[in-house]
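Here is the structure we will look at.
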Ligand code: 13P
């Protein structure tokens with residue numbers, strides 16, 4: 001069976017002390033789980049803590065991820081972090097187009113596509129986030145919205161489409177405790193899979209993650225869906241016991 005991938009998105013949370021305690025607890029819990037054959041695990045940490053967490057996860061199966069990346073390679077872009085800089089800290093994945101970036105930082109489909117390209121050029125796997133708002137769902141626009149968001153990236157990256165990870169995160173399910181049902185999530189994942197299949201014969205190998213109030217109680221059912229290959233976990237990734245239970249459900 002295809003290996004699943006569980007990514008914790010810490011968002012703007014943490015401190016040196018809290019990160020150290022959380023990673024120590026995760027490492028201890030992972031050591032007690034099956035040593036091999038387990039799912040992929042990554043944590044997307046705030047930029048200032050990349051070096052700290054790089055060192056903390058070095059001797060574990062936890063990979064390092066960034067929450068964002070600049071679409072530019074270098075230059076006068078105050079406050080931005082380039083993909084090459086992320087590489088310097090061992091970053092393996094970066095989120096691009098998280099709904100909080102689209103919503104609060106005005107990231108358009110074109111910007112998100114450029115960020116995915118910048119990540120790929122530096123050897124970092126982009127985790128492309130797509131998802132509809134509640135208003136869009138209620139208007140029956142879910143499929144059109146996620147297809148438009150994914151199409152921009154697929155078009156921009158060309159044959160590198162097989163190197164993407166895609167995360168479906170319905171905006172109405174993020175941080176609300178209101179998870180998409182396994183059927184609702186699977187329906188959208190199948191649409192995304194079909195869209196990828198139109199671009200590559202290897203669409204089956206592209207990891208499609210679900211995100212939005214995934215927790216220890218609902219993870220197993222979501223992960224049992226045929227087109228759900230993993231999870232992008234927010235709140236529950238900040239509690240070691242919960243995150244470990246989600247990982248155990250994906251192993
Ligand atoms: P929650 O798991 O807190 O709903 O967040 C999901 C998310 O946005 C992960 O990127």
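Using the three backbone atoms N, Cα and C, a Cβ is placed for every residue, glycine included.
A TrEMBL annotation is a machine prediction, not a hand-curated record.
Residues 9, 10, 11, 213, 234, 235 are given by TrEMBL as substrate binders; from 40, 158, 175, that same site also lists 175. When each of the binding-site residues 9, 213 is scored by how many other Cβ atoms sit within 10 Å of its Cβ, 213 comes out lowest. Burial estimate for the binding-site residues (175, 234, 235): highest at 234, by number of other CB atoms within 10 Å. Same-chain neighbours of the substrate site beyond 9, 10, 11, 175, 213, 234, 235, judged by a C-beta within 8 angstroms of the site's C-beta center, are, in sequence order, 174, 233, 236, 237, 238.
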